[in-house]
C-alpha cells in the first residue's frame with residue numbers, strides 16, 4: 001500500500017522521506033506484533049510441554065507427534081487395481097519404482113500431446129493446474145481446521161481465486177491482444193476499467209470476510225485469511241508468469257519445464273541405484289548421488305533439447321494474434337538467439353577449433369543449472385510444509401506421485417526464474433506493443449509524438465537517410 005501511495009501521489013523531495021519513514025514504521029509495528037504473538041505462543045506451548053512432562057514423564061523431544069497441529073486424514077491408496085495385481089509379487093521399493101515409472105511415461109506422453117495442440121491449449125492446461133494446486137493447498141487448511149466450523153472459509157477462498165485470476169488474466173489479454181480488445185466495445189470497456197473492476201471485486205471479498213468474523217475464532221480466521229493470500233501468491237502469481245513465458249515463445253515454456261522433469265527423473269534414478277549419502281533432513285530419501293547425477297544429466301539434456309527446438313519457428317516465435325485471420329499465430333523471422341553461430345574452443349581441444357551452436361543453448365545451461373541446483377529447494381520447501389501438517393503428499397491425484405502440487409512445487413520456482421531471466425538478459429523493447437499503445441492515444445497526442453520523433457530522428461541525422469532509402 002505504501003508503494004501505491006508513493007507511485008500515485010508523486011511526492012516532492014521534502015515529503016518523500018516522511019512517507020518512506022511512515023511506511024517503514026508501520027511495517028516495523030506489524031512485525032513487532034507478529035513477533036510478540038509468536039513469542040507468547042511458544043511460551044504457552046512450552047508451559048504445556050512442561051506440565052505434560054510432570055504428569056507423564058515424557059519430554060517434548062521424546063515425543064514424535066507435535067500436538068500443536070491437528071493431523072490431516074491420510075488419503076487411501078489410489079494405485080490402479082491393474083497395477084496392484086501386476087506388481088503384487090514385488091517389494092514395496094520396486095513396486096513404487098514401477099508405479100512411478102509407468103505414470104511418469106503417461107504424464108510425459110500427455111505433455112507431448114498438449115504441446116501438439118498449441119499454445120492456447122497450453123494456457124488452458126496451466127489454468128487448470130493452477131486451480132487444482134490451489135484446491136489441494138486450501139483443502140489441507142480446511143481438513144486441519146474444519147472442526148472449528150469457520151464460516152465462509154472455502155467460499156471466500158474460491159472467490160479470492162476468481163478475483164486474482166480476473167486481474168492477472170485481464171492484464172495479460174490487454175497486454176498481448178490489444179488489437180482484439182479494441183475491436184469489441186464490451187472488451188474495450190472492461191479493458192479500460194479493468195483495474196477498478198478488479199479492486200471492486202477484491203474489496204467485496206474483503207468486506208465479506210470482515211462480516212464473517214466470529215468472536216471465538218478471530219485469530220484463526222485471520223490465520224486462514226493469510227493462508228489463502230499466501231496460497232494465491234505462490235500459485236496464481238507463478239501461473240501468470242508461466243503464461244508470460246509462453247507468450248515469449250513456446251521454447252521458454254517447454255525447455256524449463258522439461259529440465260525440471262528431467263532433473264526429477266534422473267535424480268530419482270541416480271538416487272535409487274547409487275544413493276548412499278543423505279542430502280537434507282527435510283527429504284530423507286534425497287541423496288547427494290542423486291542430486292549430482294541429476295545436475296549433469298539435466299545440463300546435457302537441456303543442451304540437446306534446445307538444439308532440436310531452436311530450429312523450429314513453431315517453438316521459438318512469440319505467440320501473437322493475427323487480425324487478418326482472427327487467429328493466433330506462431331510465425332516470425334527467428335532472432336539471433338536462434339541462429340547457428342560459431343564459437344571458438346580452447347586450444348587444448350585441437351584440431352577442433354570451433355563449434356556451431358545456437359546462442360539459446362548457452363542460455364539453456366543457465367536454465368538447466370537452476371532447475372538442478374535451486375529448483376529442488378522448491379521441493380524441499382514443500383516437504384517442510386507437508387511435515388508441518390504430518391502429511392505425505394498434497395493429495396492422491398497421481399498414484400505414486402501424490403497430488404498435482406507435488407509435481408509442480410519446483411515448476412513454480414522455475415517459472416519465476418525464467419521470467420526474471422528473460423526480463424534481465426533477453427527481452428528488449430517491443431515495437432509492436434509500443435505501436436499498440438500509440439494507437440490507443442488521441443489524435444492530437446499521436447501527432448505530438450510523431451513530431452517529437454521526427455525532430456529526434458532529424459537531429460540524429462537518420463531521417464534524410466530513411467527518406468533516401470524510401471525513394
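Positions of Cβ are set from backbone N, Cα and C atoms, glycine also.
Proximity of distant same-chain residues to the transmembrane segment (152-169), defined by a Cβ-Cβ separation under 8 Å and at least 6 residues beyond the stretch ends, is recorded for 127, 130-131, 134, 138, 141-142, 145, 194-195, 197-198, 201-202, 205, 208-209, 212, 221, 224, 228-229, 231-232, 236-237, 240. If you look up TrEMBL, you'll see 152-169 (among others) marked as transmembrane segment.
With a cut-off of 8 Å between Cβ atoms, the residues of this chain six or more beyond the transmembrane segment (196-214) that come close are 150-152, 156, 159-160, 162-164, 166-167, 170, 190, 221, 225. Per TrEMBL, the feature transmembrane segment maps to 196-214 (among others).
Nonlocal intrachain contacts for the transmembrane segment (221-243), taken as residues 6+ away from its ends with a CB within less than 8 angstroms of a stretch CB, comprise 123, 126-127, 129-130, 133-134, 137-138, 141, 145, 150, 153, 156-157, 160-161, 164-165, 168-169, 172, 209, 212-214, 253, 411-413, 415-416, 418-419. The transmembrane segment annotation in TrEMBL covers 221-243 (among others).
According to TrEMBL, the feature transmembrane segment maps to 249-270 (among others). Same-chain residues lying 6 or more positions outside the transmembrane segment (249-270) and placing a CB less than 8 Å from one of its CB atoms are 100, 104, 108, 111, 115, 119, 122, 242, 286-287, 289-295, 297-298, 301-302, 305-306, 309-310, 314-319, 330, 360, 364, 367-368, 371-372, 375-376, 410-411, 414-415, 417-418, 422.
Within the same chain, residues 249-251, 254-255, 258-259, 262-264, 266-267, 269-271, 274, 279, 330-332, 334, 338, 357-358, 360-361, 363-365, 367-369, 371-373, 376 sit at least 6 positions outside the transmembrane segment (291-315) and bring their C-beta atoms closer than 8 Å to a C-beta of that stretch. Feature annotation from TrEMBL assigns transmembrane segment to 291-315 (among others).
If you look up TrEMBL, you'll see 360-382 (among others) marked as transmembrane segment. Here the transmembrane segment (360-382) has Cβ contacts under 8 Å with residues 251, 255-256, 259-260, 262-263, 267, 280, 282-283, 286, 291, 294-295, 298-299, 301-303, 305-307, 310, 316, 337-338, 394, 405-406, 409-414, 417-418, 421, 425-426 of the same chain, all six or more residues outside its ends.
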